[in-house]
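*Asks:* I have a structure here, written as structure tokens, and I will follow up with some questions on it.
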Amino acid sequence: MFGVKGYGEAEYIFSMIKVIAVIGFILLAIVLNLGGTPDGGYIGGKYWHDPGAFHNGFKGICSVFTTAAFAFAGTELVGLAAAETAAPRKSLPTAIKQVFWRITLFYVVALTLVGLLVPYDSPRLFGGASPVDANTSPFVIAIEAAGIQILPSVMNAVILVAILSVGNSAVFGSTRTLAAMANLRQAPRILGYVDRKGRPLVAISLAALVGFLAYLAHLKQQRVVLEWLLTASGLSSIFTWGSICLCHIRFRRAWAARGHEPAELPFQAQFGVVGSYVGLALNCLVIVTQFWVGASPINSENMATRDIVQHFFLKWMGAPVVFLFFISHKLYYKTRYVKIDDLDVDTGRRQFNLPILIEQEKEEQANWPRWKVFYKLIC
């Protein structure tokens with residue numbers, strides 16, 4: 001409701017709170033793991049040996065791919081802001097590289113430390129009053145296990161801030177996508193209405209209405225509802241990332257077919273087209289593993305046939321939904337496959353004086369000290 005500026009300001013505040021909290025937790029977790037508290041001893045990798053690090057082996061890892069995808073969903077939103085960026089050649093590379101480091105620091109490092117402090121068979125992980133009980137958060141469990149007071153409440157507050165941040169990003173991303181789809185006549189045209197301040201008000205209203213699904217948490221079958229929404233959203237994210245990789249591959253091929261050089265682009269992926277091929281293959285592999293895990297769930301020998309069928313549709317529901325929308329779009333609009341030579345990569349481009357810009361960038365980079373060259377390479 002407050003436009004792009006309001007979204008940016010809110011996300012800046014939320015991000016600062018999350019960054020401070022996660023860095024603080026990482027430092028605290030290292031101290032706890034090394035036995036730095038009066039009542040705690042050295043933990044190290046004890047829980048990785050007893051009860052173990054990878055419960056149920058490879059299939060156990062595959063079974064949580066959609067949950068992980070749900071957690072990572074939204075990292076692609078930086079691409080939506082590219083069209084509204086004044087200087088994409090400078091700001092976009094920095095923003096995308098920061099996404100990588102945020103994932104490494106806030107996901108990989110933090111979750112690795114949580115795995116060192118909380119065993120997977122901890123009864124508290126499954127002992128919450130509901131599947132959305134904040135007291136079952138492994139971050140909170142790790143802090144309370146050390147006998148630290150007050151901090152668990154602080155961490156719960158940070159979790160609530162993180163939820164607000166997710167909602168903020170979700171509304172921004174979904175409304176921008178709906179408005180763009182409406183302009184392309186892929187959604188009701190009323191969703192494309194934008195007021196004088198650049199806000200897609202109808203799309204925002206629709207996104208707000210979807211938010212009322214949160215009240216489903218009051219149902220008796222809240223755990224089942226959460227699992228269905230979680231897996232559908234997570235698997236759809238896999239399809240989204242796979243589609244992005246495929247679009248990048250076709251775009252770069254069309255770009256070269258038009259006689260353009262990669263240097264003309266405002267931003268180049270660090271791993272180029274090869275990275276997109278690898279990403280597409282991995283996303284397809286994840287989709288295949290979800291079919292496998294759905295058809296042959298963990299402990300399937302102890303499950304009734306009805307439960308196995310329900311589990312399959314739970315894991316795989318997002319796939320037929322995506323295919324249904326794709327096929328319906330093809331049939332309704334009667335669109336055909338567009339060949340590489342027919343792809344239009346020039347309409348709508350910002351007209352920069354590219355030769356001069358590229359030359360200026362080369363001259364500027366030639367005067368950089370080595371530390372700045374290394375810094376710009378990774379950040």
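For all residues, glycine too, the Cβ spot is worked out from N, Cα and C.
Just so you know, TrEMBL annotations are computer predictions that nobody has curated.
Below are the features I grabbed from TrEMBL:
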- 1-337: domain 'Amino acid permease/ SLC12A' (DOMAIN)
- 12-34: transmembrane segment (TRANSMEM)
- 99-120: transmembrane segment (TRANSMEM)
- 157-179: transmembrane segment (TRANSMEM)
- 200-217: transmembrane segment (TRANSMEM)
- 229-251: transmembrane segment (TRANSMEM)
- 271-293: transmembrane segment (TRANSMEM)
- 313-333: transmembrane segment (TRANSMEM)
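In the displayed structure, how are the listed features positioned relative to their neighbours?
*Replies:* For the domain 'Amino acid permease/ SLC12A' (1-337), the model gives a mean pLDDT of 83.
Packing against the transmembrane segment (157-179) from elsewhere in the chain are residues 4, 7, 10-11, 14-15, 17-18, 21, 74, 77, 80, 134, 137, 139, 187, 191-192, 194, 200, 203-204, 206-208, 210-211: each is 6 or more residues past its ends and has a CB under 8 Å from a CB in it.
Residues 66, 186, 227-228, 231-236, 238-239, 287, 290-291, 293-294, 297 of the same chain lie 6+ residues outside the transmembrane segment (313-333) yet bring a C-beta within less than 8 angstroms of a C-beta in it.
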